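Here's the structure, in structure tokens; my notes come after.
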Amino acid sequence: MDFDLNGGNKRVFNRLGGGGGSTRPMAPTDTRQKVCFHWRAGRCNRSPCPYLHRELPGPGPGQGQGPGYTNKRVAEESGFAGPSHRRGPGFNGNSSSSWGRFGGNRTVTKTEKVCNFWVDGNCTYGDKCRYLHCWSKGESFALLTQLDGHEKLVSGIALPSGSDKLYTGSKDETLRVWDCASGQCTGVLKLGGEIGCVLSEGPWLLVGMPNLVKAWNIETNADQSLSGPVGQVYSLVVGTDLLFAGTQDGSILAWRYNAATNCFEPSASLTGHTLAVVTLYVGANRLYSGSMDKTIKVWSLDNLQCIQTLTDHSSVVMSLICWDQFLLSCSLDNTVKIWAAIEGGNLEVTYTHKEEHGVLALCGVHDAEAKPVLLCACNDNTLRLYDLPSLGLFIRFTERGKIFAKQEIRAIQIGPGGIFFTGDGTGQVKVWKWCTEPTAALP
């Protein structure tokens, strides 16, 4: 408990001098009837001191307080005694220990916020700092390394299957290539426009940019520019043999891959959203799209027709994923919603998980023990990890850890061998790994 430097002793004095239930008159206010706070802490250097350098005598039985009121209770309420239900764990209640918050061996309760001075390398409090000196909270995962190079927000991360190269895209208009063995940047490609998203599909690396999609075949070095989008391309996904792009003008463009010519050819344009399409996901022979217009649209991959529009979110729909037979969506309205099909095939909300902040991105993974975990990035610069023991009748989000960042985490990517990646608004990419044994967080 924090001790009130200005009013704490006064409250103790008032209780000792007469409070609720007292039949004797209140003693006159006099500094000589107050115990010196600095003397109690063992460091008073005033001579003479206007306050007492001894403890006040306690009231006799039945005097000064109501029934059942004891000196022990007075001491506990003033913040100077042993254990009480209001004290944090690890409080040393030994009478010989230092009192108040100055000294003693009391355990420091950590605030769930990274110390800014530690980030800058000049925190002098060490283990006694009330803020965290690490980038995560949790024992089942650990930070492996950090990849520095981007100067602005990381908007996409891709790890092609079977490749030893990691690709990251950023609003600094560059695509960086990283060697997975050494963690070193082996190439930087300046694209001349902000990168909105990055996708790996087979041998193809696809990058969303203003007014186009860039496509590279990393096996043959062939490249292609797919024109047609109006404004920034925010999201890319592949369904059956079609590539879909969500664009700033609210349309979804589709290209079909022609194996004979090794090229993507325009196929269709899906319209219906009134604002930018910021997220796409394919599952159960459906294309799901989330938009700044606060809606989710469900499209049939058979005929590319919209078969349902979901309107339960009250702000921008930021991310969509499918998990088993469920659709999960998140929004800047501070919620994660779980949708399930009802009779007739339409989706409805079966559970809403509320956060204190807007939710930016979702990613479903399995930990080292193959347990399902939901990664949930929020706009308070954190990534929350939730156990998902069931998405059936009894849905529950159980938090198992947090990852902290200097700015918002906007990109998440899963890798092989229990590895996953996060990219934040400063341009930092961090590499994490699930642990088979509990491991303390690394700085």
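Our numbering is plain: 1 for the first residue shown, then up by one each step along the chain.
Placement of Cβ uses the backbone N, Cα and C atoms for every residue, glycine included.
Residues or ranges marked as region 'Disordered' by Swiss-Prot: 1-29 (among others).
Summarised as a single figure, the pLDDT of the zinc finger (30-56) averages 66. As annotated by Swiss-Prot, zinc finger applies to 30-56 (among others).
Taken from Swiss-Prot, the feature region 'Disordered' covers 56-99 (among others).
Per Swiss-Prot, zinc finger is recorded for 109-136 (among others), and the stated evidence type is sequence analysis. Remark: secondary structure over the zinc finger (109-136) totals 7 helix, 7 strand, 14 coil, with classes taken from DSSP.
Each residue in the repeat 'WD 1' (149-190) gets a DSSP state, and the totals come to 0 helix, 23 strand, 19 coil. As annotated by Swiss-Prot, repeat 'WD 1' applies to 149-190.
Annotation source Swiss-Prot lists repeat 'WD 2' at 228-265. Per DSSP, the secondary structure of the repeat 'WD 2' (228-265) breaks down as 0 helix, 28 strand, 10 coil.
Among the features that Swiss-Prot reports, repeat 'WD 3' is placed at 272-311. Outside the repeat 'WD 3' (272-311), and at least 6 residues removed from its termini, the chain residues within Cβ reach (under 8 Å) are 231-232, 234-240, 242, 244-252, 254, 317-322, 325, 327, 329, 331, 339, 346-347.
What Swiss-Prot records for 313-349 is repeat 'WD 4'. Below 8 angstroms of C-beta separation, residues 278-281, 283-284, 288-292, 294-296, 298, 355-364, 372, 374, 376, 379, 388, 391, 395, 397 of the same chain, each at least six residues beyond the ends of the repeat 'WD 4' (313-349), sit close to that stretch.
Taken from Swiss-Prot, the feature repeat 'WD 5' covers 354-396.
Below 8 angstroms of C-beta separation, residues 113-114, 119, 132, 134-159, 166, 168, 170, 172, 178, 183, 360-361, 363, 365, 367-369, 375, 377, 379, 381-383 of the same chain, each at least six residues beyond the ends of the repeat 'WD 6' (404-442), sit close to that stretch. Feature annotation from Swiss-Prot assigns repeat 'WD 6' to 404-442.
Counting residues of the repeat 'WD 4' (313-349) by DSSP class, helix then strand then coil, yields 0 helix, 23 strand, 14 coil.
DSSP assignment over the repeat 'WD 5' (354-396) gives 0 helix, 22 strand, 21 coil. Across the repeat 'WD 6' (404-442), DSSP assigns 0 helix, 19 strand, 20 coil.
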